[in-house]
Amino acid sequence: MDKKAREYAQDALKFIQRSGSNFLACKNLKERLENNGFINLSEGETWNLNKNEGYVLCKENRNICGFFVGKNFNIDTGSILISIGHIDSCALKISPNNNVIKKKIHQINVECYGSGLWHTWFDRSLGLSGQVLYKKGNKLVEKLIQINKSVLFLPSLAIHLQNRTRYDFSVKINYENHIKPIISTTLFNQLNKCKRNNVHHDTILTTDTKFSHKENSQNKRDDQMCHSFNDKDVSNHNLDKNTIEHLTNQQNEEKNKHTKDNPNSKDIVEHINTDNSYPLLYLLSKELNCKEEDILDFELCLMDTQEPCFTGVYEEFIEGARFDNLLGSFCVFEGFIELVNSIKNHTSNENTNHTNNITNDINDNIHNNLYISIGYDHEEIGSLSEVGARSYCTKNFIDRIISSVFKKEIHEKNLSVQEIYGNLVNRSFILNVDMAHCSHPNYPETVQDNHQLFFHEGIAIKYNTNKNYVTSPLHASLIKRTFELYYNKYKQQIKYQNFMVKNDTPCGSTVGSMVAANLSMPGIDIGIPQLAMHSIREIAAVHDVFFLIKGVFAFYTYYNQVLSTCVHDK
């Protein structure tokens, strides 16, 4: 198990490093499914689905759904087994109007997404990841990018400048005033522009000019007028008359050229967006190989460029960003892929096994079901969006699958999609995976003594009688039994531990209850322990990754078998 656990953890870290945002996580999970034989679908096309086949669907590059239709999927004995997670994480996202200039420094205005431990983002090497929209000829192009090198930083205030006693932690961070990452100085921004325009800039290097603008966010327009030249943020104070005249002529020629080539673009060309930081646009234009003025909008997350890694003297831990919940979602999809591969192997080998009287690794009724794995966006901010868990996208996906797979039954027996769904839902189940809180050795008072979570002790089964978690004793027992059946077959234990928050502590919530309510389907909330949740650098244990992946696999493989043995004692 040690070797396999490390392999799983290594794969998870590689995935997380490549997934600096929700967009890239969706893209990378989609590629992972396609590499395992899943067929790509689009919402805007007619679905002609086949049994014993896997499919993958992305909605707006924010929500990913993989599913596999069992070869004997049927109305009478089949079920819908769903494992879910969320692919967003707390992050600093660049604002639409992000141009900030203070003390001869270009900064970026950002917005706090979710409830992050924002003080941990200070003094880190920050890159960018996300979605950019730009013009290319007559087309509007969406591009997903990730810049893994350090292009931004958020400096702390030096200890000597803080009005504090030696026992204070630090200055209190104001999220509006203090979280504005630095991208460049105004000097180097001007030098770069002059270099690109083949203009001599010796005067800039020898001039020590005080800027006359008011460094106040309420006077940003005045700021831009003092700092920008022809709406391109070139300082008039630092350029001589010839340089100004040269730049004016060059920009007018460029504008006239664009207008002449495309008369319809006149209004667009004449409007140069000064609300966006020019150094940021320059960076993005290099990445996209386009012009700055062609960039229309973006959704970009700041990300830590330091790679995740194994840690601890025995390398029993892993550390990195976005474990909540990319680590959980990786385990969801990995367990799902392993299940599908085992079904395919079972199908291809069952005739040979029957002839040679070989016992199959999995039970035959595993072919009777529809298996689904989903990664939602926007969990960190409440899930209320078209790609979040509160939407009806999951129910829409299931309805479309039923309509395609049971097309013949619907026509010949005059059945409705809702009738078929109503028959299936009674045997169906949701397994929601989201990270959990490990007992912190430095803050032992934060957890209930009877419900502590420990590293290497396995999956956390989350309970909350106020339904912040969807778990009930009945359904927790069903899942625990699947773990036992997995052990009976493979002789590998899937450890688990029960979790509940203190009565005097607010209980976090996740998407399990939301999806269960939308689908009228029972479920359970699970996860694995981690420390420093919502920090830019989080900690988890290697062996728990193994337990979670195998737990998802066991759920898919044995849930129906366990459910069939469940009886009510009269």
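Cβ atoms are placed via backbone N, Cα and C, with glycine included.
Of the listed candidates (D297, D304, D324, D449), Swiss-Prot assigns D324 to the same Zn(2+) 2 site as E380, H534. Swiss-Prot lists H86, D324 as Zn(2+) 1-binding residues, and of the candidates D434, D504, D525 the one it assigns to that same site is D434. Closest to H160 (substrate binding site) in space, going by CA atoms and restricting to the binding-site residues H86, D324, E380, D434, H534, is H534. Of all the binding-site residues in the list E379, E380, H437, Y469, H534, the shortest Cα-Cα distance to D324 (Zn(2+) 1 binding site) is found for H534. H86 (Zn(2+) 1 binding site) is 14 Å away from H534 (Zn(2+) 2 binding site) when you measure Cα to Cα.
Annotation note: D324 (Zn(2+) 1 binding site) sits in a helical segment as assigned by DSSP. Take the mean position of the Cβ atoms of H86, D324, D434, the recorded Zn(2+) 1 site; other residues of that chain with a Cβ within 8 Å of it are G85, S89, N325, G328, S329, E379, E380, V433, M435, T510, G527. In this view, D434 (Zn(2+) 1 binding site) is surrounded by 25 other Cβ atoms within 10 Å of its Cβ, with every protein chain counted. Other residues of the same chain near the Zn(2+) 2 site, with their Cβ within 8 Å of the Cβ centroid of D324, E380, H534, are S89, C90, G114, S115, G116, N325, M533.
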